[in-house]
Amino acid sequence: GIPCGESCVWIPCLTSAIGCSCKSKVCYRD
């Protein structure tokens, strides 16, 4: 539920390396 400061409209979350995932076109962590 914490925004990672990255969008995932066109590309996947690069922040997935630190546990972020794409939700509603924005990368979130928990």
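Here, residue 1 is simply the first one shown, and the rest follow in order.
Backbone N, Cα and C define each Cβ position, glycine as well.
The annotation disulfide bond is assigned in Swiss-Prot to CYS4-CYS20 (among others). Residue density at CYS4 (disulfide bond): 19 other Cβ atoms are found within 10 A of its Cβ, drawing on all protein chains shown.
In the three-state DSSP reading, CYS22 (disulfide bond) counts as strand. Summarising the annotation, Swiss-Prot assigns disulfide bond to CYS8-CYS22 (among others) and lists similarity to another entry as the type of evidence.
Mapped onto three states, the DSSP output places CYS13 (disulfide bond) in coil. Residues or ranges marked as disulfide bond by Swiss-Prot on the basis of similarity to another entry: CYS13-CYS27 (among others).
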CYS22 (disulfide bond) sits from CYS13 (disulfide bond) (Cα to Cα, rounded, in Å) at a distance of 6
For CYS8 (disulfide bond), the same-chain residues 6+ apart in sequence with C-beta under 8 angstroms from its C-beta are CYS22, LYS25, VAL26, CYS27
